Each structure stands twice: as C-alpha cells, then as structure tokens.
Amino acid sequence: MAYPELDAADFLQQLARRKEFKSLISPPVDQKKLIHDLRSHFVQIGGPGCEKGGRAFFPCDPYASPFPSIKGLQLHNAQLFVQNFQNPNTPYSRLLLNWQTGTGKSIAAIAIARQFMNHYMNFIENAPWIFVVGFTRAIIQTEMLRRPELGFVSYKEVAELHRLLHIAKQSGSTTSVESRHLNGFVSTLKRRLTDRNRGGFFQFYGYKEFASKLFNITSKGEEKNFDVLSLFHRSDEAEDTLNENDISQFVQKISEAESNGLIRVNQKIMEQLRGGLLIADEIHNVYNIQERNNYGIALQYVLDAFPPHQAPRAVFMSATPVTGSVMEYVDLLNLLVPRHELPNGQPLQRQQLFDNSGHSVKWKKDALALVERLSTGRVSFLLDTNTNYYPERIFAGKMLSYRNEMLPYLHFIECPMSDYQLETLKQLGPDPKISSNAYSIYDMVFPNPKFSKQTEPKAYGLFNSTETPAALSMASTDWLLENGVQIIEPSRRTPFNVSGSFLSLQPPTHISGLAFYSGKYTQMMKDILSIIRQGRGKILIYHNRVRMSGVLILQEILQSNGILNEVSSPVGTTRCSICAAIRDDHTTHSDHQFIPARFTILHSEIEPAVRERSLALFNASSNLEGHQLRILIGSKVIVEGLNFQAVRYEMIMSLPLDIPRLIQVFGRVVRKNSHMELPPNERNVTIYLYVSTTPDGGPELAKYAQKLKEYILIQEGDKALRKHAIDGFTNQIKIDKPMLESLPLSPSITPANVGATVLNTFEAYGYGEQEVKTISNIIISLFMARPVWTYSELWKAVSTPKLIQGITIDNKLFSEDNFALALVSLCYSKNQCKELCIQNRLCTIMHVPAKPEHLYIAAVLNYKKEPVLDIETYIRDFQPPTMHSIRITKYLEHSQTKEPFQVLYEKFQKDFQDEPMEQVLIHYPASFHYTMLEALIIDNLAGMGALVEVYKKFFIAFSKKDIQPFPDIFKIISHVPGDDDTLVGYATEDSVRLITSRQDKTWHEIPLYMLNINVKRKENDIVIGYMESKGKTLKFKIRPPIQVLKKNEITDIRMLNRGAVCETRGREEQQKIADQLGISLNLTKISAIKLCLLIRNTLLQKEMEARNQPNGMQDGIRWFYLFNDKMPSLVHTS
C-alpha cells in the first residue's frame, strides 16, 4: 500500500517524509529579517519605511500591512494534516483529535468529512453516510453553513443568512415573522446537508438520540424492564472492573437479545454506516464513569459489529479525552483501536492497565508502554499557546497547600468561611463527607428559621437542598422580614429561590448581610466592584450548579448589590457599569455618563432560543467593553460547545466534576482570535478560582486536592497517548516542565530528522493540483498588493515562507513546475503577441526591450471581466468594477438635480426664522432631513430646539426619555452620554436608527414595531396627502384613501387613481375636500394654489394630532405621509 501500515517499525518516519505532511512543517522565520530581505531584494509591498527600499513600478503605501493576506477561511496546518491523514486514500480507520479548546476541531472534522463526501459522490448506488454524533452537533452544522470556503453554501447564501439573522434579532422575538423567515431559510440549507435527493450525505444525532434510535426496546423488552446496559455492565461496581466475558461477547449478546425479541437493532442506521464515516465530538461524554449512560455502548457496537473492511471510519474529538477517572482509558482505547488490533483480539480490561487493590488506583508496570503502542498513528495532539492568536491566561491569587502538600498548577482566591458558616459546618462532625445534596456549604449557608436571630450563640444555617426550601417556605412573615429574606415562589420554569437584603454587602443595620453567610460570595462581590472601578472588561462567572448556591442565587446577589439583569430599569441603588458608583451618588461624576451595570444568565432551565439571544448580546462587538452587558453567569451548560468573545475576567465559583472539565471552563474564554477586537494590551484573561477554607483547610480544598491527585494519573496516560502523535513533528509541541494541560513532552520525530521528501502519494492523490490552487491564491494576493512583477521576483515571493498572512505551510517545498502551471492558468493563452499581450483575467504580460524578463502586470477589468488595454493599466486598481442595475425612472425622480445639504441648510436657516417650524417637514426632501437628524444626534447642533421639537412631535426623532419605556431597547443606548432629553435616534421608513457611539458614528437599527410604530395605520375616509419630489422641488399631491380605491371596480389600469398634484384637481373636487376637512372660509375668493395650501396644512395638523393621541403611532388615523413614511403600494389587481 502507498501509505505505511500502523504496525511498521518506522511508521512515523515514513509518514513524515511524504510531501503532503512534510510541507506542513512551519519553518521558523524572523519577521524583521524577512521584511528587510523582501524590500532589499525583490519586493516592495507596504508598511512603514517601504518607500526607502526595494524596487517598484508604483508608490508603496507606508500605512499598509507589510504582508499581503488571503481573505476568507484558511485551514491551519494542523487541520490540513488531519484532512490529509484521515481521508479515503489512506488506510487509517480511527483518529482522536486531542486538541485544546478553541483550536478548530470542528472545522478539522468538517474538512475530513468533505473529503469522504467527495469520494461518496462517485458511488453509483448505496453510497455510505457521514454520521455526526455529539452534544455539539448544532455547532458543527452552524460552521458548515457560515463558511462558504467549506463548500456547503455559497457566498451569496451566507450573505442572505446574515441579513435574515440581523432582521430576526431586531424583531426581538423568536416567534416573529422575521424569525420564521430565518428559521425557514436555515432549514432549507440544513436539508441540503441531510437530504440525499439534494446531494446530502450527513446525519446529525445527539448521543442519547443515536443510542435510542440504534437500540429499540420492544414491547416484550419493556415488560421485562430490559436495559442494554445490562449486557455491558461492570461485574463489581465497587471495584469498578469489567467482566471480560461480558465485554468481549457484547455484539453476540445483542444478537441474542434481538433473537429473544427484547431488542431490535436499527438496520437502516447500520447499513448507512457500512463503509461510512462516524464523527463523535466531546468523546469523553460517552464513557464517563461518574455519569453512567449507554452512549459509548452504541458507538462501540457500530464499530465492532462489521467486518474490519466494512466498519465505518471514525474521528473522535476532545480536548480532555479522559475526565472522571483514569480508568476511562480502557473505554477510550477500546473505541480508538479496532478489535482485531487489540491484544489477543479482545477488548481491554481495566485490570490489564490498573492496580486497584489498595485504596487508590495505580498504573501497572508496562501499562503506559501499551498505551503508547496502541495509540501510535491514532492520535493528533495540538496545544497552541501562540499569543498572537490566543489571549494570555493570568491566574489571580496564590497556590495553596492541603495537609502540608502544595497543590499543583492552580492558583486560588482563598475565602475563609464566616463564623456562621464554620458553626454550620460543625453540625456535620469532624472530617465531614459532603453529600451531593449538601454542596451548598462549600459556597454559603442560608438563614435558619429555627433561630429567631441568626447571631445568637450556637445558631447555624441551612445548606441541604432537600431541607432548605421547605424550611424557608414555612417560615413566618415576621421572621422573613426580620432576617431580610424574600421567597421567590417556584413556577413551571423557575425553581425555588430566595432574595433579599441578607445578600447585600451593605444591608440595613438590623440584618446580617452577605459577609455573615458567605466568605466566598462576599469576596466575589468585592472583586466584581473592584474590576468595574478599574476599567472596562467583560466578566464570566461560572458555577457548576443551578439551584441552591448555584447560578440562581448568584443572580440574586448581583441584583441585591446594584447590578441589573438584562431588562430591569435603573433605580437609585443601581451601579454604574463604568465606575460602580450607585446612581444616587453619580451626579458628582463629570467624566462619564451613568450606564447601568447589567448581567445575563445561562443555565439548562432557560429555553435554548433565549440562551442564544443572551449569548449573542454578550458577544456582540457593540458590547466589547461590557457597557451593555458587563457580566454573564453560566452553569455547566457553558462547559462545552459555547464560545465567549473578549472576556477579560473569569470567576470560577465551584469545581466542575473534575480537573479536565475545569480546563474546559478555562477554554471557554481562552480561544483562538477571541480577543482580536481588543487592543493588544487588553488581550488577556484573569482567572479567579474561589475556594472556601477553614483553619485546617476545609472540605472544598480537600476536594481540589483529591481531584488534582487523580488528575496526575490522567496526565501520565495523556503523555503516553500523545507520545507518538501523528503530527508531533509538524505541530512541534515541546513541553519542558509540567503544566496544567500536559506533563513534559517531546515529539518522537523532529523536523530536523524527517529525512528526504517522498513524492509518490503527493502526485498520485491530487495534492499537486491542490498546490497549484494554493499558489494561484498566493499569486492573486501578491498582485493585489503590488501590480508589477518579474517572473523571478514573483517566484521568489511565492516560495518565501510566511510572506502571505494565513499561509503557514513550507513554501520552500513548492514545485516551480506547479508555480509555472499556476501562472499559465492565470496569465497565458494560446495566442502569441510581440509587445503587449493581455490574456485571461488576472495579469498582462509585457515585453520590455533590453530587459531580460517579461513583466507581469495586474490587469484592469471591465464589468464583464474583460481586460482593458491602455498605457496606464499598471497603475490602476486591480479590483474589477462592480456592475449595478439602475432603474432610470427612479434615478430621474430622486437622483438628478439634487441640491447639496449645505445649500439646503443655509436656505433653511434663512427661510424658517419666522415661519411655523412644522412646514420644514414638507419643504425639504428626505435626504435633507436624514442628514439633519444625524447632525442633531451626533454633533448636537446649537439653536435647533424648535426643529427638534417638531421632529419629536411627529415621532420622527427620539430622546433617551422616549426610549426608556422599552427596557430591551433602552439598553442599546443607555451608555450614550447625555441627559434624558438627549436625542439618540430617528425613524426611517423601514426602521429606527439608534446611535451607539457618537465618536465612531455607529448605529444600531431596530424594526419600527419595537417602538410601537405601525406603518400600516388606517387611512381617513376623506383624502390622503403626501409630498413628491420633482427635480429640485417638492409637489403636494393628494389621493383617495386606500380603502376607497379598493372598493372601486376599475377595468382599465390607466384609470387607477394613484394621486395627483393638488392644484391640477378640479375646483369642485378641491372645495369638496376642503368642506369635508372642516375648512370654514369663503373659498370662492381663494385661488386654487392657496386652497391647496390650506388643505395641505390642515392634513398636516390632523396628522400631528392623530400621532399625539394615546397610542397614536399604533392606532391613530393616517392623514399625511411624511418624508420617512412608507407609502402603501397602489397596484391594480383585477
């Protein structure tokens, strides 16, 4: 076979020599030297000082980046490696992606799947399927549908998806029409992935769903309470060992259970998986000892049930493949290694690897060597700490010891328990064992109704989750008031919880506050206020639990100390998100406007759609500094699959189930490019790990000590697992000292000893064609940076490593033949010419007399993408112009003879010194008003109070006071400086534009209906007025109300009355309209022009009155359409 077998003695060496893998060794490059060499020898691109060096045919841009870049998604080297390793052309059946969080495992899995999909498309019939199984399958689908480079959607579809998503978010409702349109579009795209008739090859399942669909319990099985786990059980749960006969004969036992009518295996799924691909994300969830389930059994069955040559290929993913217990290595290896390649062709047993005879588990002699051997060629390991892409991780606090032994790796914020907590802890006796329903004592205790005053001697608190709710619910009203406790009654979606001043740092004098009940949460609250005072930065607070002392009480603590949820209105005690001062004391601060500090919360009892919306608001670029949402509180639902952007502080209030899951929590906020929008000095995350302590250490510190001890054993297994990682020589991960993510580790092969390059598989399996495409992209980016090249300069630039941002492969291994082929495809044609040739669509080839080389010059293209030929070609913009369609009629009506704003503004200042200001609405076009509104909002133009009042009377402009009744909207502009009367937005015909930053001139658009503006208000029964632009003038036009038009039966579309200039209507019609409008004047002596002015002004006055009635913008009668009103379409439909 072309590729080496896994059992070959020099497997990794043979693999590393192949060009498709060797080229992924990213060579070290001194960037300063690279820039110097480039400018001195062959290329002048951009950056400071570029004009002083290098040869060029055009002026350089000293403010440009010194390196060109390729736009769009570019797979990084680790992703390219596994794509090349696990594909239909290689014999390798199973692979574990052991990559740290945030490094792109999902993209890598999709890239692998795409190779198999391309292969399956060649099948005439019975093409296999690609199964994506895991709790995060929705995230993988999202990646597939937002990355056109992956080949599942077009750029146009992605643009449409973003448009619909933006509109749906603005609607503020998951059930709105806009949201339904978005969901329909997404469903259409998703069906393309899963519907074979539409070219789909994917099936997506959650672990539970996959297991339940694979194993269908029959009615007979249900009668006998049959459980699949009974066929795959641990023979001694106390010892946690497996019965060898049970595990080795599992497939046979499933067949027997099926024969006995207890179970029915889903044969459709089995046939779809035959020869297919199985992708399982967060694989550690399927065999976790602490959470018993049948997920792993289902995966093990589909991998073992087929003959080896028909079994599905498999890709497993996890940053922490072993979590709950080191003995999970047995389950992992049984999934990762095909049955026939395990020792003696039988599944591994725990007693083969571990000694469990004493009080602790130990690795057996030679067990780690066996792990090394079995994992060779089956593991990809990536640990990326490059500070160019990842934020720096900073631990607050200090290292602690427990029973004279220093705890490794972690720094803690030590929180001594309060006296009341200590007294409560005594109730559990010496060296207490904390049960699962008593975990609250790690964090806090609750007031106890058994004692009238909590300060009396020997008083102790409540902490047990089965006793506390009942005891507090039965407490008297007087006791609750006396102790500052408020009961939050449970509902269908809201569990029992408490609030009140006992959670405050500064309670009333007669009430014991937060410091009395919790040392940990008191320290947390003090740290939060300190962080806010220090400056900007978002905060993530994690707690593993929801109820009792979990995230629900954390939200009450924040609210009791002046931090609001997403929708509450500020009060006197609300804290400022910039300085942490309460609102009542904020008048003394002159350097910034009061912005209420807010938080949001994510936990399992909140609907997914609501969680997604809150996460989107927290991650939004407009919330980069945390001024809209400063804090997010999350339970264990955030541990996997969610990404948080630009978080500066992470507060961990409780240990997850184990240390590997703690690493996952760290990874939520330390992710690739997660902080790129922040200034370089703010690209860091400070982690606060809070622990409650007692004078002798305490039960929570003891829990950390035990879990860290277990984790050291897991780390030993991790080191063995990664020892012979397939990509160790390319990822070049060298760890010199123990760290949280890994013990010391060196790759078994280094770049220096890879050996000579082997080309046979590179050329045989299409990698040469891919190289041509890569070179073509590089050439295009070089031409976009500089329009004139010689052949030798261009080849040197293409073959220089790391010259192009986003390309990290070893360009020195590029073939010049492939470069020439790429250049031919971009520039040459069959035609020959002597002096000037323009071919194809990228570059011009010019022969310069007395020069040894042709010049390659970027072509200028017309809208048809045909080259334009003239002597200035080489200095023109390389980008082809965009072709736009223009509606001539609309252009003539709205575009020609427009007067500039400055001219109209001067005219306005002159004409409206004495005239009624309302008339400005009908004398100036929409463009003037929109420019004026933005000037009023951004620049606060002086002397415009009367105009502002007109805009506000007609609900065209909005102040902060106008937005305050809408809490969800107000938070968008609450941080904008100014008092309640400050203008912050204006209405257009489609939306309301709200200012988010005057300095940056950034706006946020929301639908009109979110401010109770109804664009389809009922028209009056008399006449409708509006202004229409005719060149430089505006004409007053009238038409019958739309309900009258709909009643008339018109057989000739030319007779449809769409409106006419008022002066052109007959005198009789004008007088009739005036009478109906109540214009009581002697109309016989009034000219048609003056009569129309009276009608116009009357309609405008009635429109203002209608809008100012209660709920007028929703239900008021329509009389006049202003410049920002959308006219209904008048179309003949008969």
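A Cβ is built for glycine as well, from the same backbone N, Cα and C atoms used for every other residue.
Annotated range for motif 'DEAH box' in Swiss-Prot, selecting from 181-184, 281-284, 309-312, 373-376: 281-284. Look at Gln100 (ATP binding site): DSSP puts it in coil.
The ATP site, placed at the center of the C-beta atoms of Trp99, Gln100, Thr101, Gly102, Thr103, Gly104, Lys105, Ser106, has further neighbours from the same chain whose C-beta lies within 8 angstroms: Ala319, Leu382, Arg671, Lys672. Around the Cβ of Gln100 (ATP binding site), the number of neighbouring Cβ atoms within 10 Å comes to 23. Sorting the motif 'DEAH box' (281-284) by DSSP state (H, G, I as helix; E, B as strand; all else coil) yields 2 helix, 0 strand, 2 coil. Between the binding-site residues Thr101, Thr103, Lys105, Ser106, Lys105 has the most other Cβ atoms inside 10 Å of its own Cβ, all protein chains included.
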